[in-house]
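Only one structure is covered here, and it is reproduced in the block below.
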Amino acid sequence: LKQVFNKDKTFRPKRKFEPGTQRFELHKKAQASLNAGLDLKVAVQLPPGEEQNDWVAVHVVDFFNRINLIYGTISDYCTEQSCPVMSGGPKYEYRWQDEHKYRKPTALSAPQYMNLLMDWIEVQINNEDIFPTNVGEFGCSEPAG
């Protein structure tokens, strides 16, 4: 288990909500409903009086933290040698493309792909234009889509 939490590995620190903020309170509501063993549909329902985009943002960050933890547990077993291709089974290969280094879809090993993906997601979550930290700053009540 010590290997899973090695700071030199791909595991990233949890993104946290500032105590005392409304987002922190929403996070506590989300955690309480999930920990209570409730039906998942009920657990993710928008609490009365809350902004939908704020509720979604809280769940996006929680989801990122959970996926990050899961990936951290398997990263030692999925190496450049054992996972040379990022795939979804024998029929699907995922290729990375971005606006910087990989301008065309590029085949990468699973660890390379996952590191780029997790870095990209972290940048999105930390972007105040996408995920403002102050409640109600999204400018609309409907999610972007």
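Each residue, glycine too, has its Cβ placed from N, Cα and C.
Taking the Cβ of Cys83 (Zn(2+) binding site) as reference, residues of its chain lying under 8 Å away and at least six apart in sequence are, in sequence order, Ser109, Ala110, Pro111. As annotated by TrEMBL, Zn(2+) binding site applies to Cys78, Cys83.
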Query raised in the report: If you draw a 10 Å sphere on the Cβ of Cys78 (Zn(2+) binding site), how many other Cβ atoms land inside?
Result: 16
